[in-house]
Amino acid sequence: MGRPPCCDKIGVKKGPWTPEEDIILVSYIQEHGPGNWRSVPTHTGLRRCSKSCRLRWTNYLRPGIKRGNFTEHEEKMILHLQALLGNRWAAIASYLPERTDNDIKNYWNTHLKKKLKKMNDSCDSTINNGLDNKDFSISNKNTTSHQSSNSSKGQWERRLQTDINMAKQALCDALSIDKPQNPTNFSIPDLGYGPSSSSSSTTTTTTTTRNTNPYPSGVYASSAENIARLLQNFMKDTPKTSVPLPVAATEMAITTAASSPSTTEGDGEGIDHSLFSFNSIDEAEEKPKLIDHDINGLITQGSLSLFEKWLFDEQSHDMIINNMSLEGQEVLF
């Protein structure tokens, strides 16, 4: 249970102090000084306990006690010390020597506690409002960034799809087999040896689509322009080597057609027929020296004008006409 309070003893007075009791206490302390509170009631004759004498001196009678309202600095000190020390009012009063612990406790319970509660409520509301505004701004920012990211993602996906389609198209174009841009349909004349074969031998050349290649593949018509182009291309691309006999025979027949533009229609049919006859190839094999000499002359010439000069040379012209007349007779028979 602990020891009983000293005020409960028999003959000990309780209640408020009288002015006479205050004068006796102050006179004794001025003579002997504060301290040894247990001997004060015995030496002074006061019917008070030692604790009551100490509190009366400390809280009311000692010199330097400040009365009246608390300043702002004192309020801040009390709030700070109460937060650190709690309700230890005597320890708090030691930091404020002009204020008593009883005055500090009473002021705390009547004023500062309510004021602190209001301050905390206002701070909480301000913090909550700030957090709400911050959350709202963050949510708006996140929404905006999400929308922008979605839009940028959509643009990126469309760009990626376009790049993929372009890459696939380029790959297909690269892997596809080149198709001739100028499809040419032609028919080779009948190589029969009947009497009507020479009269029914025709060459049909049909060219569709636009002519983008200056030297299109296919069979040329018997014209001087096409023959000149073929010979010019042959001079640029063909290396200086011996030409195979079939190619030489074909070139020989083409030069014959170009050198005799004034021949009759019947002669033209015979020449066209000789282009595709095997007799011309056989005769070319029988005359390799002459053909090689002509082809080498064709290759060594530097321009088309020199070739034309050689083409219309009288001796070469007579030789080619004689050969072609022999070939025409063999085809007819």
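Backbone N, Cα and C atoms are what each Cβ position is placed from, and that goes for glycine too.
Annotation comment: Swiss-Prot describes 37-61 (among others) as DNA-binding region. Taking Cβ pairs closer than 8 Å, the DNA-binding region (37-61) reaches residues 6-7, 9, 11-13, 17, 21-22, 24-26, 28-29, 100-103 in its own chain, all 6 or more past its ends.
Per Swiss-Prot, the feature DNA-binding region maps to 89-112 (among others); the stated evidence is sequence analysis. With DSSP states grouped into helix (H, G, I), strand (E, B) and coil, the DNA-binding region (89-112) comes out at 19 helix, 0 strand, 5 coil.
Positions annotated as compositional bias 'Polar residues' by Swiss-Prot: 134-154.
Here Swiss-Prot flags 196-209 as compositional bias 'Low complexity'.
What Swiss-Prot lists as domain 'HTH myb-type 1' is 9-65.
Residues or ranges marked as domain 'HTH myb-type 2' by Swiss-Prot on the basis of sequence analysis: 66-116.
The region 'Disordered' annotation in Swiss-Prot covers 134-157 (among others).
Per Swiss-Prot, region 'Disordered' is recorded for 183-218 (among others).
Across the residues of the DNA-binding region (37-61), the predicted structure has a mean pLDDT of 90.
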